[in-house]
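Beneath this line is the structure, given in structure tokens, with notes to follow.
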Amino acid sequence: MQFIDYAEIEVEGGKGGDGIVAFRREKYVPAGGPAGGNGGWGGSVIFVANSNLQTLLDFRYARRFKADDGKRGGPNNCTGANGKDCLVEVPCGTMVYNLETEEILGDLVENGQTLCVAAGGKGGLGNKHFLSNQNRAPDYALPGLEGEHRWLRLELKLLAEVGIIGLPNAGKSTLMASLSAARPKIADYPFTTLVPNLGVVRKPTGDGTVFADIPGLIEGAHEGIGLGHEFLRHIERTRLLLHLVDITSPDPVKDYQIIQQELEAYGRGLSDRPQIIALNKMDAADEETFLLIKNELTHLSSSPIIGISGVSRTGLEDLLQIVWQLLDS
């Protein structure tokens, strides 16, 4: 399935039904009073969060959503039927913005959570409401009001507690496959991961923790280079960052600094989020190299530093122990 995490759509609530002009016409009431009913409410457009959905792909094909109009009032003071609501399912993690004002309308994170994005219009009043001592037979009624109309921007931010970050080909997908049941595409070249992957890693207690394998970031990601904005958005909700650095790289310390600079430039508190620095691919490096790089990194960061291998699974148990400790602290 294609992963789409951005969409722009149009929503419109239904128009309220018109009130009507009517009078009582019973056989034995020759001068019946006003009896025009009110119009019904227009339906509303309502978003419903669904944990079974993983993408905004459907909004590439359906961009306009309109609820039903309310029915006009009836004689004998009968109120018209309300218009049917338009229910639109979205993935959990969807943020909804007013496209024109940039106002945040809602953040749908819980399964079943709802958000009214375009309210239906109120039904018009029938002529019975205009009866007065001065006017015993009002011959006018009010039309229903138009429903709300909006253009929306939808952004999907993955709901994961741990975000795995690093430069392309740092081994993020291999690590994800080793830690969880996720089976991301893996190959020995940069940019294998073009969309975020989610995986659930089980604690010893049996509880699951969601990890997100974020596509490789590059220098300039905070400016949108290499789809950086789209990728960085998905780690905004994480509680912990697992920063993978390829120890076999020509300059692992510089690789670490590049990602840190991108987090700082993007803002939103990402650079201050708790981190674990994992020097990956220890199966292809010696202990002396590890200690040398670790020593340099300790001058740049107070985060825990550990050597691991996603291929041989070296150090993964120790890594997870640190993850659980930081999440529980």
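Any Cβ shown, glycine's included, is placed from N, Cα and C.
Annotation note: Lys281 (GTP binding site) sits in a coil segment as assigned by DSSP. The feature GTP binding site is assigned by Swiss-Prot to 166-173, 191-195, 213-216, 280-283, 309-311, with sequence analysis given as support.
Taken from Swiss-Prot, the feature Mg(2+) binding site covers Ser173, Thr193, and the record attributes it to sequence analysis. Ser173 (Mg(2+) binding site) falls within a helical segment according to DSSP.
The domain 'Obg' annotation in Swiss-Prot covers 1-159, and the record cites sequence analysis as its basis. Model confidence over the domain 'Obg' (1-159) is summarised by a mean pLDDT of 92.
Residues or ranges marked as domain 'OBG-type G' in Swiss-Prot: 160-328.
On a Cα basis, Ser173 (Mg(2+) binding site) lies 9 Å away from Pro215 (GTP binding site). Taking each of the binding-site residues Lys172, Lys281 in turn and counting other Cβ atoms within 10 Å of its Cβ gives the largest count for Lys172.
In the three-state DSSP classification, Pro215 (GTP binding site) falls within coil.
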